Amino acid sequence: MSDDLTTPEAQSEAELAFEGALRPKSLAEFVGQSKVRGQLQLLLTAARMQERTPDHILLAGPPGLGKTTLAMIVAHESGRTLRMSSGPAIQHAGDLAALLSSLVPGEVLFIDEIHRMARSAEEMLYLAMEDFRIDIMVGKGAGATSIPLDLAPFTLVGATTRSGLLPNPLRDRFGFTAHLEFYDDAELEQVLTRAAQLLDFEVDRDAIAEIAGRCRGTPRIANRLLRRVRDYALVHGGRADRSAVRQALELYDVDELGLDRIDRAVMQAILTRFDGGPVGLNTLAVSVGEEADTIESVVEPFLVRIGLITRTPRGRVATPMAWDHLGIPRRPTAGAQQALFTDDL
Ligand SMILES: Nc1ncnc2c1ncn2[C@@H]1O[C@H](COP(=O)(O)OP(=O)(O)OP(=O)(O)O)[C@@H](O)[C@H]1O
């Protein structure tokens, strides 16, 4: 689904550059997530007063809600440099050893998608987080020895979209875990207003409200839709008003609830092929030709959140609102109450 406007992951170098320009640089500029902001502020201030590195921080939540931005803010607010890496780039304990041993004292190490790091590296990280020390294995077999190596003190900021996949010993070593929530419409309007100002783009208030309602509670998508609306207003030479938003987003297949092509394909499958469900994740993924992981981590949380589907022990089930929204008449004999596919819940 890499070409979809509402995919919450960043999609290209150009988008990353665009995001960089809009990224809040301080906690004060960061919109929403007020509880997490307050908790982080306290943690950073206490560390500063005690002249020590801040505790390790785990940021959990769906893509595009601001985990990378918060990691950058942690480094910035504590006056430290930031080193960025990601779970998939750490395939061996040696990759992590090289990274950790090159940190300068006090540096903030950001590991995105930390749940995708190699198991062997995870174990090395336990000791590094706790004692700022690692054991390097030298040699093989009976002659193998481990050489302890002291590390510079650092703060690890881990980000994950799947905190349930992190082993407990790793999760427990974070001093603070922040669960980022989807943003409400008022917060998204603030994100959009700020972005429009930074882009020097004049846009009507009701246009902002219209975009906020269609961006899946996700700032990254809000900014991306704003960009498309800006293109539309530029090309058509008109005002960036509510009607321009509607026309631009219709062109890109984003409906008034923010559903895109994939969401609709998933809903159509549940409603028409499986009579409203229940249907198991893998069966559903195969029927729409998508990865089960994409359905589970990107599509489903949003559909559940807006009340179009529910998760039951027997699988995903469409709600009455889903039939109405997709404009599909409910079948009186729908087998929705039968567990059709219970093999892969
Ligand atoms: N609270 C916020 N206030 C203003 N803008 C935000 C906020 N959170 C995120 N953004 C905007 O959304 C973009 C995406 O945020 P970010 O890269 O931090 O998300 P993420 O959660 O790390 O996503 P991923 O998991 O895909 O890496 C940022 O460039 C920023 O412009």
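Using the three backbone atoms N, Cα and C, a Cβ is placed for every residue, glycine included.
Quick look at what TrEMBL annotates:
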| type | residues | note |
| --- | --- | --- |
| BINDING | LEU22, ARG23, GLY64, LYS67, THR68, THR69, GLU130, ASP131, PHE132, ARG173, TYR183, ARG220 | ATP binding site |
| DOMAIN | 53-184 | domain 'AAA+ ATPase' |
| BINDING | THR68 | Mg(2+) binding site |
| REGION | 256-345 | region 'Head domain (RuvB-H)' |
| BINDING | ARG311, ARG316 | DNA binding site |
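Positions of TrEMBL features highlighted on the structure.
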residue : record           : Cβ contacts under 8 Å, 6 or more apart
LEU22   : ATP binding site : ARG194, ALA195, LEU198, LEU199, ASN223
THR68   : ATP binding site : PHE110, ASP112, ALA159
GLU130  : ATP binding site : ARG173
PHE132  : ATP binding site : ASP150, LEU151, ALA152, PRO153, PHE154
TYR183  : ATP binding site : VAL31, GLY32, GLN33, LEU65, VAL191, GLY217, THR218, PRO219
ARG311  : DNA binding site : GLU300, VAL304, VAL317
ARG316  : DNA binding site : ILE270, GLY277, PRO278, VAL279, GLY280, LEU281, LEU284, GLU300, ILE309, THR310
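Taken over all pairs of the listed ATP-binding residues (LEU22, ARG23, GLY64, LYS67, THR68, THR69, GLU130, ASP131, PHE132, ARG173, TYR183, ARG220), the Cα spread reaches a maximum of 37 Å, rounded to the nearest whole number. The secondary structure of ARG311 (DNA binding site), as reduced to three states from DSSP, is extended strand. With a 10 A radius on its CB, GLY64 (ATP binding site) counts 29 other CB atoms from all the protein chains. Filtering PHE132, ARG311, ARG316 by Cβ distance to ligand 1 (under 6 A) retains none of these binding-site residues. Per-residue pLDDT, averaged across the region 'Head domain (RuvB-H)' (256-345), gives 85. Counting residue by residue with DSSP, the domain 'AAA+ ATPase' (53-184) contains 50 helix, 36 strand, 46 coil. Broken down by DSSP into helix, strand and coil, the region 'Head domain (RuvB-H)' (256-345) contains 42 helix, 9 strand, 39 coil.
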